[in-house]
Amino acid sequence: MDSNNSKKGSSVKSPCQTPRSTEKSNRDFRVDSNSNSNPVSKNEKEKGVNIQVIVRCRPFNSEETRLQTPAVLTCNDRKKEVAVAQNIAGKQIDKTFLFDKVFGPTSQQKDLYHQAVSPIVFEVLDGYNCTIFAYGQTGTGKTYTMEGGARKKNGEIPSDAGVIPRAVKQIFDILEAQSAAEYSLKVSFLELYNEELTDLLAPEETKFADDKSKKPLALMEDGKGGVFVRGLEEEIVSTADEIYKVLEKGSAKRRTAETLLNKQSSRSHSIFSVTIHIKECTPEGEEIVKSGKLNLVDLAGSENISRSGAREGRAREAGEINKSLLTLGRVINALVEHSGHIPYRESKLTRLLRDSLGGKTKTCVIATVSPSVHCLEETLSTLDYAHRAKHIKNKPEVNQKMMKSAIMKDLYSEIERLKQEVYAAREKNGIYIPKERYTQEEAEKKAMADKIEQMEVEGEAKDKQIIDLQELYNSEQLVTAGLREKLDKTEKKLYETEQALLDLEEKHRQAVATIKEKEYLISNLLKSEKTLVDRAVELQAELANAASDVSNLFAKIGRKDKIEDSNRSLIQDFQSQLLRQLELLNNSVAGSVSQQEKQLQDMENVMVSFVSAKTKATETLRGSLAQLKEKYNTGIKSLDDIAGNLDKDSQSTLNDLNSEVTKHSCALEDMFKGFTSEAYTLLEGLQGSLHNQEEKLSAFTQQQRDLHSRSMDSAKSVSTVMLDFFKTLDTHANKLTKLAEDAQNVNEQKLSAFTKKFEESIANEEKQMLEKVAELLASSNARKKELVQIAVQDIRQGSSSQTGALQQEMSAMQDSASSIKVQWNSHIVQAESHHLDNISAVEVAKEDMQKMHLKCLENSKTGTQQWKTAQESLVDLEKRNVATADSIIRGAIENNEKLRTQFSSAVSTTLSDVDSSNREIISSIDNSLQLDKDASTDVNSTIVPCSENLKELRTHHDDNVVEIKQNTGKCLGHEYKVDEATSSTPRKREYNIPTVGSIEELKTPSFEELLKAFHDCKSPKQMQNGEAKHVSNGRPPLTAIN
């Protein structure tokens, strides 16, 4: 955490001011610290020492007392416990923490210091580096605990003095009490503000005196796992008052501010370090210097910005404070969990405290908390981190002590450095040194020279003293060697005598034990012999009983053999009789075969008649299919005629339209010629032309009505033809197979859909014809052509796809035909109703056109003045209409011709497909007939071996079965002998046959096992007293065992 910690002995100079040089040099003349008393044992050093954690609770402040704020914290100083009351989900829950020491709100500064801090000061004087830092929320008394109240003018320590002044006073009291000891103290005061290090003891430069600017310091690694602050000012102090002045000087420079939680809140972390050097003499007379360091850290408190009221710069300060404290908490967690990575480098605070947390420094944490309920969350956080910090282990080590020669060398290098500074100041070539410092350094040099001279004199005296002590030591060593030789001889003789006595006692004990073992073996052998005799008598009785039972069993076996011989002869006789009966039964079965042959001949005749009937039915089916083909051809031809009529009507309609358009064009030309001669004549001609157009449109409407009537008649004729076709199909439906019925059903559905689409097309044409005559005819022809093509293509595809499935779907044709009849009739009625609706719509359109004509006459009167402009537009319009109408009419005629050609080719293709389908049907029927004939032949060849007279067989079979039953009952029921009980057969009983294991158990165990059991059964008391008893009483005689 500090530079002295990392440098250890190399940073210690003389009792005067230590130079602020950053040079490090290795020393080969260190004295091992283990030569002096070390309060840390080797075991403790290896395992580590837990950080000491102390909790202090502040009392309520005036504001909290005025508001009567409830307390949530209870401190038990005796049990060292802190209990926090929480209200979670309406339940009162207490959380208890256990710490090393606990100080309640009523505790005094002196109590905390004497119980917790005072032992640490003694460890610092023993050569350890120790750290004490206060941790907690802002406003909980950290600075008060570390620094306390203002010092009295007379220099006495006030009652509310904190840890720092009391520790300083204790150090000087102890050092001054050791009058013979020489010592020196150095202090440094460091501030960490917004992650920048500042030396609070550095002298301020004149030009920055007004704004109190503070130069930031650099934090450097020392290469040994520690850190040091480059350029940190260290002041030599010789009295406690000087330290108090230094403390007041640095505290005045610390950054503080007022917040809602604290009137004087510290906005930075501060580290006050006291370094002590004490000179000691070794038993060899060598002068060494031991060093210890006390770091007193006052951390800025964590705060909630919303509660503290921090804004802008204060908010940034609070953020930096919370960030560094959060990193400190993460370091504590990582150390407790023994994590592989400890985030020391994430904050300068944790880098400075690195040796205090998990390092070689003894550390004490004073956690300050508030009892107020408003600070419950912060209090719990502080207590949780403090409780975790308890488990952090440090491995404190005593600082290495420096020999006098090392100090002398450092002093010489310091003198050389000071000489260079003086020379540079004299020549004005270097760094300026203040007069006060120059005077002080000169005085220190003189004092140092005097001390060096004094040390040399003392060194010579010590050398003489060491020589005298060495001579005394050598003489004492000679006397001790003579006494040690005599003692060794006496001890050797005593040892030999004791060994001889032990050998004799061992031999006597072994002899007594051997006699007891032999007696124990003999007693076990006699016991085994007696057991064997008793067991042999029991086995002799069991053997006699078994012999009697065996004789009775042999007698019973003889009786059973006689009965078995008689039963064997009886069974042989029964077998011969049974064979004779079975032979008779076989003869009767053979006689019945001839009768069954006659029955099978009759069956063959029946099959022949079946085949002939099947042939006649096939011929009838073939004729029905021929009639079906003729009817189908008739329907297709009628469709062809309908299409031809439709084509003729369309051509005539188009020709009429063309003539009307031509007439209309001529009339327009004549009318416009008349207009050029006279406007009045033009108006009359226009009116007459309009009348002519009205008449022609009426005639055209009547013509379209007649055309639609003819189309409706054609549709009705198609419906009549289809109805006749369905009636004819119904008469032959029962004679057709499954194949023809389904194909015709599909064709009927296709024709029905075609008729429906055709009627819908006619209705649509009637609605649109009055609006656009030429465009309607062209689209009508196109739709008609498309409908016919779709219908013909569907019929063709249906005929080709359904031919293969006719043999599986024919049975459902009759029901489908009847349902289609009903649907066809309904379609006819619906088409007629649609025709009537269309006629009424045409009449309405006619009335609308008449109205429009009247309106046109009225408009013509108002357009007389604009006839010149309209003449040119009408002429152009006439030309465009004539050209458009001609192109439309020619396209319609060409489309009708193509439609006629495609329709005829489709009909011829359909007829050829139907012929091929009929041929395939007839071929399949012939194949079926041939298969029936083959099946009849196979049946005749199979049933020939099965002819037999079943009636005679049944009669003879019954007689033979009755006779066999009678013989079986006589043989097995009356003549078969049974073994009767004589009550002389011995009953089953259990024999006590000894097992191999039980026989083995009767054997006497081996001598080794007996001896082992003998030794195991001896009690501790017998083992202790047995030898003495045997020696005094002797062994018992063997006759007593027998």
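Backbone N, Cα and C atoms are what each Cβ position is placed from, and that goes for glycine too.
Here the structure is a predicted model, which means the values were calculated and not measured.
The ATP binding site annotation in Swiss-Prot covers Gly136, Gln137, Thr138, Gly139, Thr140, Gly141, Lys142, Thr143. DSSP assigns Lys142 (ATP binding site) to a helical segment in the three-state reduction.
Look at Swiss-Prot and you will find 480-517 tagged as coiled coil.
Under the heading compositional bias 'Low complexity', Swiss-Prot lists 1-14.
Feature annotation from Swiss-Prot assigns compositional bias 'Basic and acidic residues' to 21-31.
Per Swiss-Prot, compositional bias 'Polar residues' is recorded for 32-41.
The domain 'Kinesin motor' annotation in Swiss-Prot covers 50-392, and the record cites sequence analysis as its basis. Each residue in the domain 'Kinesin motor' (50-392) has a pLDDT score, and their mean in this model is 81.
Feature annotation from Swiss-Prot assigns region 'Disordered' to 1-45 (among others).
Residues or ranges marked as region 'Disordered' by Swiss-Prot: 1021-1042 (among others).
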Query - Cβ neighbours of Gly139 (ATP binding site) where a neighbour is any other Cβ within 10 Å - result: 24
Report summary line: Within 10 A of the CB of Gly136 (ATP binding site), the number of other CB atoms across every chain shown is 31
